[in-house]
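Notes follow the structure.
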Amino acid sequence: MKGDSRHLNEEEGASGYEECIIVNGNFSDQSSDTKDAPSPPVLEAICTEPVCTPETRGRRSSSRLSKREVSSLLNYTQDMTGDGDRDDEVDDGNGSDILMPKLTRETKDTRTRSESPAVRTRHSNGTSSLERQRASPRITRGRQGRHHVQEYPVEFPATRSRRRRASSSASTPWSSPASVDFMEEVTPKSVSTPSVDLSQDGDQEGMDTTQVDAESRDGDSTEYQDDKEFGIGDLVWGKIKGFSWWPAMVVSWKATSKRQAMPGMRWVQWFGDGKFSEISADKLVALGLFSQHFNLATFNKLVSYRKAMYHTLEKARVRAGKTFSSSPGESLEDQLKPMLEWAHGGFKPTGIEGLKPNKKQPVVNKSKVRRSDSRNLEPRRRENKSRRRTTNDSAASESPPPKRLKTNSYGGKDRGEDEESRERMASEVTNNKGNLEDRCLSCGKKNPVSFHPLFEGGLCQSCRDRFLELFYMYDEDGYQSYCTVCCEGRELLLCSNTSCCRCFCVECLEVLVGAGTAEDAKLQEPWSCYMCLPQRCHGVLRRRKDWNMRLQDFFTTDPDLEEFEPPKLYPAIPAAKRRPIRVLSLFDGIATGYLVLKELGIKVEKYIASEVCAESIAVGTVKHEGQIKYVNDVRKITKKNIEEWGPFDLVIGGSPCNDLSNVNPARKGLYEGTGRLFFEFYHLLNYTRPKEGDNRPFFWMFENVVAMKVNDKKDISRFLACNPVMIDAIKVSAAHRARYFWGNLPGMNRPVMASKNDKLELQDCLEFSRTAKLKKVQTITTKSNSIRQGKNQLFPVVMNGKDDVLWCTELERIFGFPAHYTDVSNMGRGARQKLLGRSWSVPVIRHLFAPLKDYFACE
């Protein structure tokens with residue numbers, strides 16, 4: 001993973017975070033009731049459920065750009081950067097691939113002072129430090145109420161990544177005004193356009209109006225008289241340590257309702273979220289130096305950055321007297337095209353002089369402001385989970401870095417209070433005045449509600465929820481997306497061990513291990529993380545002896561999960577009375593369920609499969625010689641169909657995870673998009689259940705990703721009336737693949753044990769004369785770049801002295817399939833990997849299905 005920034009990767013057909021609008025009922029789009037009315041299965045599921053929570057009403061609508069529109073939007077930028085030769089595949093979530101350009105131009109000044117030449121940082125943007133927080137459109141994890149400054153739009157950016165996440169600006173385009181989250185944005189009336197309505201949303205009550213006009217400017221003639229550049233009203237690029245350049249405007253201290261700026265400092269208001277920051281004048285440059293500081297990676301990735309660019313250039317356009325033609329209904333991207341060309345061309349004809357403020361013009365954007373103190377910034381940090389990582393492209397073009405950091409916006413909030421609390425905790429524990437188990441290891445709060453699974457210490461409610469959601473989220477390079485200790489962090493150090501996927505944030509190292517530890521770690525190469533080192537204790541960071549068991553317990557014994565009645569237990573059937581099994585498989589994929597049943601020797605009387613992918617159907621039909629009966633799209637299956645095909649003894653399925661996975665920036669949640677397909681499984685499951693008085697054994701199983709929102713997980717559990725178990729395929733295969741499984745299969749929560757035939761190491765899966773460079777690989781997804789491993793994106797295999805990717809037959813063995821299982825209908829390598837990336841791990845399903853041998857006839 002080399003480049004100026006690195007973006008979150010998808011974990012399972014989903015990708016990168018952008019602007020998610022589902023807000024647990026607090027903010028939804030304003031589309032019509034008819035449009036947002038749930039499908040009959042959803043209505044049935046909701047009506048069947050006695051409790052209808054606000055989460056069920058979250059809505060989000062989105063639109064997508066065509067490839068042609070995306071290409072036209074980015075062509076001029078590629079020309080200026082001189083790149084575009086190498087493109088990464090970007091999955092828009094609908095099965096189409098979009099080619100996005102990579103940036104080889106080095107983003108200026110993206111390194112922090114603390115970095116050594118051997119260390120490359122990966123920045124993600126979205127927020128800044130301290131003042132630079134965006135309000136999260138989703139309120140979860142028991143955080144404090146949402147109070148945020150609502151001013152001129154801005155969000156702190158990330159610098160450019162050469163390896164793009166699966167979802168980019170192309171796949172997550174600017175939504176229609178009715179559905180875009182503008183909770184922190186109000187467009188000045190003077191710069192509004194008829195084509196794109198960027199006015200404030202309806203969630204801006206109780207805000208003050210801040211207007212600074214020419215009179216206030218004249219009255220501040222003595223402000224900023226320190227022989228430094230930039231006065232009130234100047235349009236600038238600002239730089240905060242750890243983040244890339246972001247557009248802003250110099251304002252008077254009176255506009256901030258704070259104190260006067262210190263000598264050599266300037267108050268600036270960031271475009272995008274309207275926050276104010278006091279920043280050194282030496283870290284400001286004129287907006288006229290546009291090409292040197294414009295960040296193509298962030299523009300392609302972040303809606304907030306495009307919004308900031310729009311308002312910045314609209315302000316510049318007004319000052320320069322520049323006009324652009326537009327047509328009604330024109331998208332934001334279309335309006336930005338000529339604006340960006342104008343900016344990259346030097347703001348001709350007026351040039352930089354035309355951008356200077358006119359004393360007759362307002363010098364602060366006429367935007368509504370909601371005041372809040374730092375305590376109310378807490379929920380804001382979660383908005384941009386699309387955390388971008390930045391690296392230095394020029395170095396990347398020469399050779400892979402020996403060591404990299406990744407920097408993200410998730411920890412960009414003001415963590416001052418948390419760090420002070422953790423410092424006190426560390427001091428007390430060091431002086432034997434406190435117990436780690438009595439404090440939250442992530443934030444330092446007292447009276448934790450749960451234990452930390454890896455290290456001695458606890459977790460408070462909000463940190464535990466965050467841990468549940470994000471611990472199994474991985475980036476494109478295979479590393480965890482967030483810190484192993486706190487599941488956030490702004491700057492993350494990556495373990496150098498090839499088989500390790502852990503990363504640790506600078507904050508945790510400095511507070512828990514010791515001051516200066518992070519700087520020392522940056523200079524070490526290789527650097528082994530605290531999960532790999534043989535020594536367990538480092539400062540107050542003490543690895544648990546039984547961390548592997550604790551980790552399993554953490555995801556299966558959630559104290560906040562609703563207690564359900566234990567599933568009905570069926571006594572084992574005597575061998576003489578067992579009969580072949582009858583199966584209904586929804587979202588069947590490549591017939592993993594049928595394959596496992598046959599491997600276990602269970603006789604299958606009928607296997608009815610619902611699948612819409614033609615390639616998957618081809619695999620199942622050819623490899624199982626027509627023994628599988630394929631039926632309609634799951635949405636078209638009726639109760640009458642179930643009665644005709646049934647009865648069934650086993651119902652299995654795993655609905656698409658695109659709109660549930662946290663790694664998807666455009667995810668729509670459980671109640672929209674593909675997320676609502678869960679309810680198709682739910683209502684068909686109810687149709688297949690035995691009638692009252694029928695005591696025949698009946699089993700079912702539902703699967704989905706671990707990296708989903710806690711509320712979605714709870715809703716699924718509530719409808720299915722049971723809690724899930726979490727199983728990671730790493731225990732029985734050569735690849736990570738953590739999944740939740742709901743169901744009533746006997747012994748679902750028993751320990752996972754590998755069989756003698758399971759291929760536990762990569763070398764066991766390779767063809768002759770090929771050598772594995774590591775024992776295990778990270779989660780293999782539908783993306784081709786998920787094959788490369790580690791922070792340097794290394795090829796996992798060596799053959800004849802040359803590095804190589806995994807072959808399709810080797811991928812099949814990793815998943816537990818027979819070699820050439822997907823080799824049908826002339827499918828290419830990419831298509832075969834996509835089928836495998838969406839499939840189940842055969843050893844895991846074998847582990848779950850094995851108890852069925854006590855109930856059904858075997859061969």
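Glycine residues also receive a Cβ, built from the backbone N, Cα and C atoms like all the rest.
Swiss-Prot lists 85-94 with the feature compositional bias 'Acidic residues'. Swiss-Prot lists LYS102, LYS623 with the feature SUMO2 cross-link. Annotated compositional bias 'Basic and acidic residues' per Swiss-Prot: 103-114, 214-226, 370-381, 412-426, in sequence order. Residues or ranges marked as compositional bias 'Low complexity' in Swiss-Prot: 167-179. Here Swiss-Prot flags 189-198 as compositional bias 'Polar residues'. According to Swiss-Prot, the region 'Interaction with the PRC2/EED-EZH2 complex' annotation covers 440-532. Among the features that Swiss-Prot reports, active site is placed at CYS657.
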In chain order, residues whose C-beta lies under 8 angstroms from the C-beta of LYS623 (SUMO2 cross-link), counting only those at least six residues away in the same chain, are ALA591, LEU595, TYR821, VAL824
Overall pLDDT for the region 'Interaction with the PRC2/EED-EZH2 complex' (440-532), taken as the rounded mean:
85
Per DSSP, what is the residue tally for the region 'Interaction with the PRC2/EED-EZH2 complex' (440-532) in helix, strand and coil?
25 helix, 16 strand, 52 coil
Within 10 A of the CB of CYS657 (active site), the number of other CB atoms across every chain shown is 26
Looking only at DSSP and grouping its letters into three states, which state does CYS657 (active site) belong to?
coil
Name the secondary structure element type, per DSSP in three states, that contains LYS623 (SUMO2 cross-link).
helix
